[in-house]
Amino acid sequence: MSTAVETGSSPAKSNSNNSSSGGNNNNGNGNLSPNAKGVQRRQLRERKQRKLYLEEWSLGDEDGEGTRGFSVAEKLESSKFAQAGMVREMRGCDLTVAFLQQHGFNIPLLFRDKAGLGLRMPDPQEFTVNDVRLCVGSRRLLDVMDVNTQKNLQMTMKEWQQYYDSPQKDRLLNVISLEFSHTRLDRFVQSPEIVRQIDWVDVVWPKQLKDAQREGTNLLGGMMYPKVQKYCLMSVKNCYTDFHIDFGGTSVWYHILRGSKVFWLIPPTDRNLQLYEKWVLSGKQADIFFGDTVEKCARVYLTAGNTFFIPTGWIHAVYTPTQSLVFGGNFLHSFGIVKQLKTASVEDSTKVPQKFRYPFFTEMLWYVLARYVHTLLGHSHLEGEASLSEDEMAARPHTHLTHHELFGLKEIVMYLYDLPPQKKNVPSLVLDPVALIKDVRSLVERHCKDQQDLAITGVSVLKSPPGSQPPFLLYDRTRVKQEIKQEIARKNAEVIREQQQLEAGRAREAESDTSQSTGVGSVIGMGAGVEYSNGVMKKEQLENGSGVTVGGHGSQPEATFALPTDTLKYRPPKKMHLATALVAAAASSSSGGGGPVAGVGGSAVVGSSHSPTGGGVGPVTGAGGAISVIATSSSYIEGGQVGGILNMDNCHSPEGGGAKLSPNLTGTGQPRRRRTRCKNCAACQRSDCGTCPFCMDMVKFGGPGRAKQTCMMRQCLSPMLPVTAQCVYCHLDGWRQTPVSPQTKQLASADGPSALMECSVCYEIAHPDCALSQLDGTEDAADAKGIVNEDLPNSWECPSCCRSGKNYDYKPRHFRARQKSSEVRRVSVSHGQGGAEGHADGNTLLPPPVGQYNDFVFTSESEMESGTVSGHMTHWKHGMKRHHQLEVKTERNNSCDTPSPGISPNAIGGDSKVGKRRKSDDGTSVSSSMHESNDAPCGSSAEGAGGAGNANVSTNQWSGSGGGGGSRKKNSIRSQLAQQMLNSSTRVLKKPQYVVRPASGTGSSSSSGNGGSASATNGISNGSNQSGANSCGAGNGERGTNNGGLSGSNGLGNQHYSSSQNLALDPTVLKIIFRYLPQDTLVTCCSVCKVWSNAAVDPDLWKKMNCSEHKMSASLLTAIVRRQPEHLILDWTQIAKRQLAWLVARLPALKNLSLQNCPIQAVLALHTCLCPPLQTLDLSFVRGLNDAAIRDILSPPKDSRPGLSDSKTRLRDLKVMKLAGTDISDVAVRYITQSLPYLRHLDLSSCQRITDAGVAQIGTSTTATARLTELNLSACRLVSENALEHLAKCEGLIWLDLRHVPQVSTQSVIRFASNSKHDLCVRDIKLVERRRRNSTTANRSWHHD
C-alpha cells in the first residue's frame, strides 16, 4: 500500500523492507517456511547490497535470495520489546479535535473498539476478499510483493483472490498498495471522523480538483489529488514487513477487519532517525533487526476489531501471524507539520524514489498556506476563489492558533524557500506565490502572541467544504452485483448511442456537402428527413405538405439493454451504408420516373419500397456518409406523395429491393454476440506466441492487460456461428429446432453442421430456403440467387443483397486472421451491356473511387461542373435494370486484366439457387456471377465531360493495354485506397499530385507520373464532346518510364515530356536549391513527393543536426540515420543506452557528438567497437559522470568485430572533449591524458573536485604538453596558482580560462601570459588568449557555438 503502515511504497520500506524480508526461511512461529523444506540451499556468499526499487524493477539488483540474520519468532517472544507506556489506549469518543489541539498527535493510539470513532466498515463476518474483488473489479492490477524473493509482481484482483483463498500456497505474497478511492468499495468504508476533520486532502486541497478525479487506480498520469486516503491490505500468514517510515511523514489509521497483526514501534527522536538513515543506507537490513539498535522499541499486538493510529515519523515493522484483511489510510494534518517536513528530508537523504513518496507533497504545502491565509486574513490567492471583504473579516472574532500550527506555517515557508527553483512546484491555481508568502508572514506576525488555552476550541481552523465526503452505504452483495450488471448495460448503451450520434453527424456533414453540389437535372433536395433524438423518431413535413411517420406509430421508445450473456439469441450487427440506400432507390425507380425526391434534410434517409404499379419516384439521393436508420415498407409512393406508415421493425422488405433496417441491437434490445471458435483449426489449437502486440499486453507476459485481445496467432481461421443462432424468418436454429441454451447444444455437432447462413453484407442470418422464399411473388424471384463464401463457414451473400447489388458496394466482412495490411477487399460496380459501348479497344482509364460511403456520389466537383450528372444517373439506372450482367471487379493486389467468367448455376449444382465463390490462387475469393453473363473486358472508359455517360466505374488501378502497352506500375493511389478501406475511412480519396507547371504547348490538362495514376484538371479533359473511345485512348497513351517522366493529355492528342525538361523533379537541381533552405523547411519538403523526399534527406544537406530537448522516438532515430550527419547534438534528451548504441553503430561518418545532460547509462553506450572515430565529444553536465565512468568510456571495448580487435579506446582520435559541470576528479584527468594523445581542447569548467594535482597530470604528459592548445578551468575552486607552473610546460597552450577561480590572482595570470612565446594577453580579468587578429578571430568563433 502506498499508504498504511504496511506500505511497500513507503520511503523506508522501499529501501529497507525489500532486503530484510527477502529470503527468510523462518516464519513467525520459528518454523521453516515452504521454501526451506528439506536441505537448505548452500550459498557461497550473503547478499548484503541494498536493493533497488524502481519502476523497472528488473533493471535493479538481483532478487534477494539470502537468509535473514535474525529470527522473527525470537523477536516475537523477546522481553526486550515488551515495553509499556509507548502506546496510549483510548475510547473512540475521547479522540476529538480538542484533544489534538491540547496534546498534539505524538504517540500511537490504540482503540480496542471502533465505537465513537465515526468509523464505519462492512460486516467482518460476511465481507471477504471476494467482495473486494467484486467492488474494485476482477481486472484491477495489484502490486504484489513476494516476501521471500522480494520480487515485484503484478496480478489481477481475480488472480490474487484465487491465491488468497487457496489452502495450499507455494509462496508468500503480500498486497499492501490497493488504494480504492473512487471505486465501488469507497462507499462501504468510512474513515474515522477525526481523520475527515483534519486531513489536508479534505480541508486544503481544492475541491474542484478532487471532484475531477476519474481514475480509480493510482496512476500518476490520471491523479488529480493525493490519492492515499483509503487502502486495503491483504496479507497471508507469516508475511513480514521490515522497519520503515510512512511516506511524507503521513500519519496512519489502521483497522483490523479480519485476522491479526504485530507491530514493533520506535519513536522518531533525532538519534533514532540518524540510526535509521545509516541502517537504510548500509544495505544490511537483512542482517540487523533495527529494533535491537535503538534504546526503546515496543511490541504491540492487534486483533480483529482493533483500530490503531500511528503518528508522524514513527518507525515501525509489521508481522502477520494469521491471514488478515485490513483497511487503513494515510493523512497529513496541521498538528505535526514540523515532523512531517523532517521526515520528507529523511526521504531525501535516503534517496527514496519519487514513486514511493507522497504525491503532490510540495503542491499540498502551497495549498495549506493559501487556505490559512484565506481563512484568517480573507485574502484569496487561488484562481476562482473570491476574497473576503475587510468588514466581514472585522466582524469575525480573533482565531487563536496552536503552537503546532504557528510553528508549522513558519517551517513550511522555510522549507519552500530552501527548495531549488525546479522543485518548488507552485500549483497553477496559485496566482502569485510571492504575495502569498508575504501574507503568510503577516499572518504569523499577527498570531505570534496567541494564547494556547484559547486555541483549544474543539473546532479545526481549516474546515472541509460541504459534500466533500461520499455518503456511506451498508454493504449488500446482491445489490452490488445488480449495480454491476446495470453499469455494464449502461456502458453498452452509451457506446451504441455514441456510435449512432457519430454516424448521424457524419450523415449530416455529407448531406450538407451533397446538397451544396446538387441542383442538376433529376436531383432535388426537398428538405424532407427524419430526426432521431433520445430514441424517438420524428417526422418533418415535405414541401408539398405530406409527411413521413417512422417508428410504427410515430414514436419509438428507447430500447432497454441487457448483458450479452443474458440472451440465447444470436443476431449479428447489421450495417447499412448510404450507397446501399441509393442502389435500392435506383432499383425501385428503374421502371418509371416520378417526381424527384431527395432525402437530404435529416439525420436518417428514408428509402422507398418498390411500387408495383410502376409509378415509382425518380432517383433518391442522400448524404454521402454513414446513416443511423433506413426504413422501408411496402407502401405505395406515387407522384411525389408519400403515404402509409413505415415499419421500423421490418428487417426485410419482401417486395422489391428496399433498404434494410440497420440496428445495432437485437430485437430484444440486447447487444450482438460474436462468432465462436471452431476449435479445430491450427490457430485454435496452438498456444500464445508471446511476441505479438496482444501477447505483450497480457498480464502473464508482463503487460498491463488493457487490450483484452487474444493472441494474433490464435485468431480462429474459421469462426463458427454460435449454436444459439436462429433464422430471422422461421426463428429456428441451424438444425431446424427451437433455440435452446448452449449447455443443451453440446452434442449439436453430432447432428451435422448448422444449416444457417450469415450474409457478409447485411449480416442477416437465415436458412437459404427461407431467404429465397421471402422473394416469392416478386418480379426478380426467378433470378434471385445467393453466393457462398467458401473462406468462412456458414457465410454467403444473400439473394436480397445480390439482387439489389449491395454485395458489390461493400467489402465483405473479414477477420483479422485473414487480413493483410497490403490486401484490399473487392470493389466492384455492376452495369448493363450499354456500359461497354464506346470502347475502342477494351482499354480503360479508371479514375480513383471516392469514399467508402460515396460509391455512387459524384467523384469530384469538376464532374458536376462538366455536366456529367445526367450521365451518372442514366448509366446507373440501366446498370441496375439489366441485373448486373457485367461485373467490373478489383481483387486484392491483382491486376484486372481479364474479367471473371460468368458461371451458371447449372455448372455448380443443377438447379441450385446458390452460386459459389471460388478461391483464387493467392487465397482471395473471386466471385462468380449469379446470372449467366457474357464475357466482357474488365474496365470501362473514363468519364468524359458531357460524354456518353455510360461508364461510372471506380477502381484503383490501371487496366492493361490491349495494344501491348504492358502492365502499369502499381501507384500510390492503390496503396492509399487499401489503407483507406482497411481503416473504414469515410474521407474522400484525393489523388496526390506534384505541384508542377506544364511546359509550353500543353493543353489545359496534364497527368503527373512517377508511378501515379493520371488525372485531368478542370474536368476530365478539354474536349467536352469527345467520345468514350477518345477518352479511353487518352488514358492509354505511352507514359514516360524515366524517374519523374510526365505524359500530358488533352482532347487533341498526347504530348510527351522527358524528365530533363522537368527541373522540379531533377535531384541534382533540387539539391542545389535545398542548400539554401533551413532544415525545418527541408522536413516539409520531404512530404511533397518521393523525389523531393530523397533529395531532401541527402547527407550533404544535414552535416549538422540539432535534436536537443527532443523526445528520442524510433522515428527520430531513423531520421537521423537516414541523414548521416557529421555533427550530432543530443543535449538534454532522455536518450536510452540501447538507443544511443543503435545510433552510433549506424553513423560511421559521425565526427562531433554532444550529449550534454544525458543519462550516464546512455553515455556508457560509447564503450563499443562500433563507436565511430569521434573528433569532438561533449559530456558536460552529465549526471553521474565520475572517474569510473571516464575509465569505462576510455578503455578498450570489450566487444570486437570479426577479425578485428581494438587494444586502444575507440575515442583515441578525440581532439575536443568537454566535461564541464561533471563529478570527475584528478584521477579522470590522468585517464584523459593517457588515452587521448591528439587532444587539443579540454573543458573542465565547474568541476569542483579538480585540484592542482589534476593540472599536474596535464603538465607531465608528453602528448598533452605538445598538442594541448586550449584549456578551460573556470569555476574550479580548488585550483591554485601552483597550477600555472605545470601549465607553463604546455608549449602549445594559447587559450586558458581561469575566471571564477578564487585561489588564482590576476597578477599571476598576467605573468603567465607574458612568459608565453605565443603573444598572449589577458582579457576579462583571467581569460588568457592570443592577441586578436582578423584571421584568429574567425578561427576562434566555433568554440562559442
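Here, residue 1 is simply the first one shown, and the rest follow in order.
The backbone N, Cα and C atoms fix where each Cβ goes, and this holds for glycine too.
Worth saying up front: this structure is predicted, and the values here are computed from it rather than measured.
Swiss-Prot lists 1-44 (among others) with the feature region 'Disordered'.
Summarising the annotation, Swiss-Prot assigns compositional bias 'Low complexity' to 8-37 (among others).
Annotation comment: Swiss-Prot describes 180-348 as domain 'JmjC'.
Residues or ranges marked as region 'Disordered' by Swiss-Prot: 503-522 (among others).
As a whole-number mean, the pLDDT of the zinc finger (671-717) in this prediction is 83. Taken from Swiss-Prot, the feature zinc finger covers 671-717.
Taking the Cβ of CYS695 (Zn(2+) 2 binding site) as centre and 10 Å as the limit, one finds 21 other Cβ atoms among all the protein chains shown. Swiss-Prot lists CYS689, CYS692, CYS695, CYS711 with the feature Zn(2+) 2 binding site, giving sequence analysis as the kind of evidence.
Residues annotated as region 'Disordered' in Swiss-Prot: 816-848 (among others).
Annotation source Swiss-Prot lists region 'Disordered' at 876-1053 (among others).
Here Swiss-Prot flags 885-894 as compositional bias 'Basic and acidic residues'.
Taken from Swiss-Prot, the feature compositional bias 'Polar residues' covers 973-987.
According to Swiss-Prot, the feature compositional bias 'Low complexity' maps to 999-1025 (among others).
The feature compositional bias 'Gly residues' is assigned by Swiss-Prot to 1034-1051.
Among the features that Swiss-Prot reports, domain 'F-box' is placed at 1059-1105.
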Can you tell which of CYS689, CYS692, CYS711 has the least company, meaning the fewest other C-beta atoms within 10 angstroms of its C-beta, among these binding-site residues?
CYS689
For a three-state summary based on DSSP, what are the helix, strand and coil counts in the zinc finger (671-717)?
15 helix, 1 strand, 31 coil
The domain 'F-box' (1059-1105) - residue tally per DSSP class, helix then strand then coil
31 helix, 2 strand, 14 coil
Cβ-centroid neighbours of Zn(2+) 2 site CYS689, CYS692, CYS695, CYS711, 8 Å, sequence order:
ASP688, GLY690, THR691, PRO693, PHE694, MET696, MET712, MET713, ARG714
